[in-house]
Amino acid sequence: MMGHRPVLVLSQNTKRESGRKVQSGNINAAKTIADIIRTCLGPKSMMKMLLDPMGGIVMTNDGNAILREIQVQHPAAKSMIEISRTQDEEVGDGTTSVIILAGEMLSVAEHFLEQQMHPTVVISAYRMALDDMISTLKKISTPVDVNNREMMLSIINSSITTKVISRWSSLACNIALDAVKTVQFEENGRKEIDIKKYARVEKIPGGIIEDSCVLRGVMINKDVTHPRMRRYIKNPRIVLLDSSLEYKKGESQTDIEITREEDFTRILQMEEEYIHQLCEDIIQLKPDVVITEKGISDLAQHYLMRANVTAIRRVRKTDNNRIARACGARIVSRPEELREDDVGTGAGLLEIKKIGDEYFTFITDCKDPKACTILLRGASKEILSEVERNLQDAMQVCRNVLLDPQLVPGGGASEMAVAHALTEKSKAMTGVEQWPYRAVAQALEVIPRTLIQNCGASTIRLLTSLRAKHTQESCETWGVNGETGTLVDMKELGIWEPLAVKLQTYKTAVETAVLLLRIDDIVSGHKKKGDDQNRQTGAPDAGQE
């Protein structure tokens, strides 16, 4: 009979899961990712050692760096890793907290789904809670004077204490603050702080970490092109080019038929004259240094050397932009169009030093640099990479405070204050939504709880007394001292976090939880390529994504 035959809509190669199974699978995947980096929160955090596919070693406790290296299969786990990257790009800090918080938000929702509560009810309660969380955070935030150096250093320090670099915290804080203050650029009342482009971190293995410093200028890994050129110039006049000082060959292939010997000599002579003219155009401005992104021919080197001009070639475009910002030069594409105001005179010194086996060009003592280089020294590549990651976080924290000078207390204090506010508000609520709403308050406590666990103190006793403390008047700055596992007033301890980071953490965590709760069906198909081969070899689920 026809009626009993099953109707196949989806291809037989696809695998489909739906309903409760999907939701619990997503929640478990999110919890697993959160558990991986739970121990990386706070000053007593552990490090993770990861092997990348190329066989290199990554040692870090930075949430984003760990998750970047992990290969995952589950789609929900992939979206969790994605939020850590978003957090890192947006505010540069709080990558570990956002994953732990999102995992916990999903974990507390599981209980309601088991009781057959509809996901949309949970979602609307979460969204309501997010609005209240944001308003409570803004209430407990305090403004900060960005010109107060001591205060700025203590803010950066509270970000650094959770990292490897905490042993050299005062050095790192000063480096981060100086670097960010250098690249800060104000135009028409608009602040711009582009750390990625203009604050470059150069890592040179060798020496000790105490040798690290911020250069008021730029350092590039290049030597002069001719051994007889000057390597130490005070107040240099710098010309920056992005064209080559070589004979220009035509775009398309050209054939020249030469019948007489004089013609060949003339062609060579024309090449020489062309290069000579290029060099003359540059030399008439009397520069001390010519830096180009392209090549410099031997003949051009000879002319420049005779004019006592130092030349450096094949510099990266990004480095050239930084040099332009540091010494006030303008990058020129055609040497014949060079004018006096294209020459950079802002640098105080150009010198070439040998560090280890390599030569480095230092353009320092700039009058008003808008770009800088952070020179890092250390024992090994792994340590240097971790220190660089820590410094990037510190600089991002500094940038966030300069752009939005509002602070909230750290050490789990703001989480407890927000949780207390949500619990109080939920008492006045009616209907089924009050339970998921209250669960958000419970989920927020995961941050202080993890801090207590990571320093080996008694979780139940401390968390209960912290909860009791927050019910009292004007105690919203009390939190956990991650070093000792005791309760302290964060105002006295001086541990603050930028409001921008906290807001982004909460928004991202709740949005991700909401996104994953909305999923009730996962259809995973096979890849088209290699399907037949997989069937022949009998590889189980080889093409499955």
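Just so you know, glycine gets a Cβ as well, placed from its N, Cα and C.
Per Swiss-Prot, ATP binding site is recorded for Gly42, Gly94, Thr95, Thr96, Gly411, Gly482, Glu497, and the stated evidence type is similarity to another entry. Positions annotated as Mg(2+) binding site by Swiss-Prot, on the basis of similarity to another entry: Asp93. Here Swiss-Prot flags Cys366-Cys372 as disulfide bond. Residues or ranges marked as N-acetylmethionine in Swiss-Prot (evidence: similarity to another entry): Met1. Under the heading region 'Disordered', Swiss-Prot lists 1-24, 526-545.
Feature map: annotations from Swiss-Prot on the structure.
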residue: Gly42; record: ATP binding site; Cβ contacts under 8 Å, 6 or more apart: Thr162, Thr450, Leu451, Asn454, Cys455, Gly482
residue: Asp93; record: Mg(2+) binding site; Cβ contacts under 8 Å, 6 or more apart: Gln87, Ser159, Asp393, Gln396, Val397, Asn400, Glu497, Pro498, Val501
residue: Gly94; record: ATP binding site; Cβ contacts under 8 Å, 6 or more apart: Gln87, Glu497, Val501, Lys502, Gln504, Thr505
residue: Thr95; record: ATP binding site; Cβ contacts under 8 Å, 6 or more apart: Asp62, Gly63, Asn64, Ser84, Gln87, Asp88
residue: Thr96; record: ATP binding site; Cβ contacts under 8 Å, 6 or more apart: Ile37, Cys40, Leu41, Ser45, Asn61, Asp62, Gly63
residue: Cys366; record: disulfide bond; Cβ contacts under 8 Å, 6 or more apart: Arg216, Gly217, Ala326, Cys327, Gly346, Ala347, Gly348
residue: Cys372; record: disulfide bond; Cβ contacts under 8 Å, 6 or more apart: Asp178, Ala179, Thr182, Val183, Tyr198, Ala199, Arg200, Val214, Leu215, Arg216, Gly217, Val218, Ala326
residue: Gly411; record: ATP binding site; Cβ contacts under 8 Å, 6 or more apart: Pro448, Leu451, Gly479, Val480, Asn481, Gly482, Val488, Met490, Leu493, Ile495
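Residues Gly42, Gly94, Thr95, Thr96, Gly411, Gly482, Glu497 are the ones the record ties to ATP, and the longest Cα gap between any two of them is 18 Å. Counting Cβ atoms from all protein chains shown, Glu497 (ATP binding site) has 26 others lying within 10 Å of its own Cβ. Within 10 Å of the C-beta of Gly482 (ATP binding site) we count 26 further C-beta atoms, all protein chains included.
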